[in-house]
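Here's what Swiss-Prot has on this protein:
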{"type": "SIGNAL", "residues": "1-22", "note": "signal peptide"}
{"type": "ACT_SITE", "residues": "Ser36", "note": "active site, nucleophile"}
{"type": "CARBOHYD", "residues": "Asn98", "note": "N-linked glycosylation site"}
{"type": "CARBOHYD", "residues": "Asn180", "note": "N-linked glycosylation site"}
{"type": "CARBOHYD", "residues": "Asn199", "note": "N-linked glycosylation site"}
{"type": "CARBOHYD", "residues": "Asn249", "note": "N-linked glycosylation site"}
{"type": "CARBOHYD", "residues": "Asn296", "note": "N-linked glycosylation site"}
{"type": "ACT_SITE", "residues": "Asp337", "note": "active site"}
{"type": "ACT_SITE", "residues": "His340", "note": "active site"}
Amino acid sequence: MGFARLLHLVFSLLVFAGITNGLICPFDSIYQLGDSFSDTGNLIRLPPDGPTFTAAHFPYGETFPGTPTGRCSDGRLIIDFIATALNLPLLNPYLQQNVSFRHGVNFAVAGATALDRSFLAARGVQVSDIHSHLSAQLNWFRTYLGSICSTPKECSNKLKNALFILGNIGNNDVNYAFPNRTIEEIRAYVPFITEAVANATREIIRLGGSRVIVPGIFPIGCVARNLNFLNFFPDGDKDDLGCLSSLNNLSIYFNSLFQRALASLSIEFPQAVIIYADYYNAWRFLFRNGPALGSNSTSLLKCCCGIGGPYNYDPDRECGSRGVPVCPNPTQYIQWDGTHFTQAAYRRVAEYVIPGIIKALKCSYSNIQPFLREGEGRQALRLNERE
């Protein structure tokens, strides 16, 4: 039996056998906060420059739905697959007008940071005004909440069957600083980033949320945008996957603080279910096993949409720019544009993390839509696989 067939068999047993002692998930809505890995169309609606953002134009959205939506990919994101798995419609962005928010709202904004702009500016890190940071997204949520309930009790009742996803967020706080700040300088303010996310999680619970997923950040040393800065790192900094160890170690440090903060919150709010989603190891597993899962073995660190250099990435000629080509088959690529990933990659990461999330929420798999039966990405990733 081939490796990919074995992976698919193991995952199918996990998902479709069900957890007989679990409870049916009662979710009727999802609320998402985050950055470009979750934004389904907010940034492109933010004046004055949002409509000029690359994700507002083709080839973004070419795989799904066939036209740009503001998603930073050729198609769906992890949040889309989570919604589908829970039998809920895809989330509409908060800034989209004349749409239904009956089943939740997406407040995520591409480029958003966990820390406020003033904090980063004081440390010499410049962030555009257009990118709504985490506290601004929380303000949007408060405004929205005020439109559907008027008392704490009523709000708690409205949110009792809601799932909150906070992130991933925080990698932009690092990306905007790099390479103008050293790894040591960035590492020094990572605790402030994780504290900001923990405080946002605390606020969501105080406002009535009872089930919150907080994903860790991905291995930032594996994305083409950062690999393009290879000259800033000493020789030998690459690991066996070709990723930058210094940056990935920063992700590991970041995620360790995340998990510590969430453990403290679980003690502070014993009535809430707070889940850490291990995006880091999901992406590492995908990069390591990409060829067995359908990715082209020569393109694991290369962009599908891009041009130039060893990673098919040029920061001065972004995806969507005139003359920048797109690969003929995005399902064979993990990386989309140098910073973001393809729909096929997001699907596989979703397949990795969703079973663990559902188990932690004490839900039955029998209520989970088998999205992985559709289209590409049918090979599955084992739950909690470690290198």
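Each residue, glycine too, has its Cβ placed from N, Cα and C.
Sorted by the number of other CB atoms within 10 A, the recorded positions Asn98, Asn199, Asp337, His340 start with Asn98, the lowest.
In terms of C-alpha distance, the listed recorded positions Ser36, Asn180, Asn199, Asn296 place Ser36 closest to His340 (active site). Here Asp337 (active site) is compared against the recorded positions Ser36, Asn180, Asn199, Asn249, and the shortest C-alpha distance is to Ser36. In terms of local Cβ density within 10 Å, Ser36 ranks first among the recorded positions Ser36, Asn249. Residue density at Asn296 (N-linked glycosylation site): 16 other Cβ atoms are found within 10 A of its Cβ, drawing on all protein chains shown. Around Asn180 (N-linked glycosylation site), the same-chain residues six or more apart in sequence whose CB sits under 8 Å from its CB are Gly124, Val125, listed in sequence order. Asn296 (N-linked glycosylation site) sits 41 Å from Asn199 (N-linked glycosylation site), counting Cα to Cα. Cα of the residue listed as 'active site, nucleophile' to Cα of Asn249 (N-linked glycosylation site): a span of 22 Å.
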